[in-house]
Amino acid sequence: ARYEELPEEHHDHLIDVDSGAVIEFQNSDIEELQRKIAETLGYRLVDHRLELYGVRLDKPEPGKGT
């Protein structure tokens, strides 16, 4: 689990799986989609946590050469 002090504004995380770097971001489209999903399922969203895990686009894929 990752813990941090309460931020002033909500944000989500993209985590670089190679370096462990955590990039904070905000995206209103994602926020709205999550709210709509909860509503469709019969819930009012009160909080959430989103962590995306990725590798840099400029990193070669395994077996694809340099």
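Cβ atoms are placed via backbone N, Cα and C, with glycine included.
Unlike curated records, TrEMBL annotations are generated automatically.
Listed in TrEMBL:
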type    : residues                   : note
BINDING : His10, Asp12, Glu31, His48 : Fe cation binding site
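Positions of the features from TrEMBL, shown on the structure.
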residue: His10; record: Fe cation binding site; Cβ contacts under 8 Å, 6 or more apart: Gln26, Glu31
residue: Asp12; record: Fe cation binding site; Cβ contacts under 8 Å, 6 or more apart: Glu24, Phe25, Gln26, Asn27, Ile30, Arg49, Leu50, Glu51, Leu52
residue: His48; record: Fe cation binding site; Cβ contacts under 8 Å, 6 or more apart: Gln34
(request) Around the recorded Fe cation site, report the further residues of that chain (criterion: Cβ within 8 Å of the mean position of the Cβ atoms of His10, Asp12, Glu31, His48; site residues excluded), sequence-ordered. (result) His11, Gln26, Ile30, Gln34, Arg49, Leu50
(request) Tell me whether Glu31 (Fe cation binding site) sits in a helix, a strand or coil according to DSSP. (result) helix
(message) Counting across all protein chains present, how many other Cβ atoms fall within 10 Å of the Cβ of Glu31 (Fe cation binding site)?
(response) 15
(message) Taking DSSP as the reference, which of helix, strand or coil describes His10 (Fe cation binding site)?
(response) coil
